[in-house]
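First up is the structure itself, then whatever we jot down about it.
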Amino acid sequence: MSNRFAVILAAGKGTRMKSKLYKVLHPVCGKPMVQHVVDQVSQLGLQKLVTVVGHGAEMVQEQLGNVSEFALQAEQLGTAHAVDQAAGVLANEEGTTLVICGDTPLITAETMEALLQQHKEAGAMATVLTAYIEEPAGYGRIVRNENGHVEKIVEHKDANEKELAIKEINTGTYCFDNKALFASLSKVSNDNVQGEYYLPDVIEILKNEGHIVSAYQTEHFDETLGVNDRVALSQAEIIMKNRINRKNMVNGVTIIDPSNTYISADAIIGSDTVLHPGTIIEGNTVIGSDCEIGPHTVIRDSEIGDRTTIRQSTVHDSKLGTEVSVGPFAHIRPDSVIGDEVRVGNFVEIKKTVFGNRSKASHLSYIGDAQVGEDVNLGCGSITVNYDGKNKFKTVIGNGVFIGCNSNLVAPVTVEDGAYVAAGSTITENVPSKALSVARARQVNKEDYVDQLLNKKKS
């Protein structure tokens, strides 16, 4: 197999997005558009990948890191001009170069591989990825001769009436012989309505020089969708969401209502897990097998063990063990580690806490900046008082501790193994192992006080 290279065009300003965010960095199913493209082309066995950047170059470089080399297009003078900026990296290379736009997040490695194979089998100097659509307005048209061979590509604004009737369109993805590509770029003119240097003109240049120009028509037009505004962004989101949901269902995940379930492109979900409506799984989340998630649950960048149930709750940047029960209406905040067989019940908030195996906080509790041992029971209304208005402090609760209802643990404080804290206590000092700590005012009953009070009011 000859050397393979790729150029991703990501220099456009994206003015139609009307956004401060650089166009190709707008996310689709939680991942920037250009990252989707890079992830797919990286499966093609490339020797070099060059991303052409312009406006917002630093942000794109930060996103892609060392996966790609970069070339700067300081002025946006057209797609041919953009590709020519990669000459410093690729011009002297021999092989095949794939050119693709960074705003086509739905393209797949399979389609690009088919394009590369067509290019090789045809012995072509250039091969264009085309599609057939009923309403081709806005797209460049593929002009073929009487033998069906590609003659040229005409941009919509430059097309005559006959060419506008053509329904085979240019998707903006190409293969070129690398040396032929860079030799032809200097011959491209900007004598057109837009006054730009069009990459499709290279097709006509190579054809006129007697080279073979080929085309590969894809049946998957949705893969070629270019995102230029928020409407197209929403369309790409829907298509990608359906693709991700289908992949998970094929792999054994039950999704009760796919139209109302959102899974990020990088999430991994085990078989026999059930996702209820309103579930949103974001980032690099990993969910085990036999779990039940939702309804109306958000999980972001977290690891969820097997046989765990999360209902109507939010989990961010945390790790949950096996057979954990969360919710309804619980909030597990970042940097929390929840052990196995744990119960985090309704209206419980946990933040930056290690919560040991088989421990329970069943309702109405806040546990922050804490280390909770195994087999601990936190009664209703148990609170770790971790903040003094300036600094955060740690609470340590040992194994087998019982915390009574409506108790405050004022950090920094330690409740040692096996200790009990009486309901209604405010604990400000360490509690020794197996001690009972009572920190509340003694109850006083005033006999017949109510009758005396009522009689006093009548008089």
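Numbering starts at 1 and runs along the chain as displayed.
Positions of Cβ are set from backbone N, Cα and C atoms, glycine also.
Marked as region 'Pyrophosphorylase' by Swiss-Prot on the basis of sequence analysis: 1-230.
According to DSSP, GLY140 (UDP-N-acetyl-alpha-D-glucosamine binding site) is assigned to coil rather than to any helix or strand. Residues annotated as UDP-N-acetyl-alpha-D-glucosamine binding site in Swiss-Prot, with sequence analysis given as evidence: 9-12, LYS23, GLN73, 78-79, GLY140, GLU155, ASN170, ASN228, ARG333, LYS351, TYR366, ASN377.
Per Swiss-Prot, the feature Mg(2+) binding site maps to ASP103, ASN228; the stated evidence is sequence analysis. Reduced to three states, the DSSP call for ASN228 (Mg(2+) binding site) is coil.
Sequence-distant neighbours of the region 'Linker' (231-251) (same chain, 6+ residues past either end, Cβ-Cβ under 8 Å): 17, 26, 28-29, 33, 36, 105-106, 222, 225, 258, 261-265, 267, 269, 271. Under the heading region 'Linker', Swiss-Prot lists 231-251.
Feature annotation from Swiss-Prot assigns region 'N-acetyltransferase' to 252-459; the stated evidence is sequence analysis.
The active site, proton acceptor annotation in Swiss-Prot covers HIS363, and the record cites sequence analysis as its basis. According to DSSP, HIS363 (active site, proton acceptor) sits within a strand segment. HIS363 (active site, proton acceptor) counts 19 other C-beta atoms within 10 Å of its own C-beta, drawing on all protein chains shown.
The feature acetyl-CoA binding site is assigned by Swiss-Prot to ASN386, TYR387, ALA423, ARG440. Annotation for ALA423 (acetyl-CoA binding site): same-chain Cβ neighbours under 8 Å, separated by at least 6 residues, are GLY379, GLY404, CYS405, ASN406, SER407. Look at ALA423 (acetyl-CoA binding site): DSSP puts it in coil.
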Top Cα neighbour of TYR387 (acetyl-CoA binding site) in the set of recorded positions ASP103, GLY140, HIS363, TYR366: TYR366
Listed in sequence order, residues with CB under 8 A of LEU9 (UDP-N-acetyl-alpha-D-glucosamine binding site) and six or more positions away: VAL52, THR79, ALA82, VAL83, VAL99, ILE100, CYS101, GLY102
PLDDT averaged over the residues of the region 'N-acetyltransferase' (252-459): 97
Which of ASN170, ASN228, ASN386, the listed binding-site residues, has fewest other Cβ atoms within 10 Å: ASN228
The one of LYS23, ARG333, ARG440 whose CB sees the fewest other CB atoms within 10 Å, among these binding-site residues: ARG440
Rounded to the nearest Å - Cα separation of ARG333 (UDP-N-acetyl-alpha-D-glucosamine binding site) and ASN386 (acetyl-CoA binding site): 15
DSSP three-state assignment (helix, strand or coil) for GLY78 (UDP-N-acetyl-alpha-D-glucosamine binding site): coil
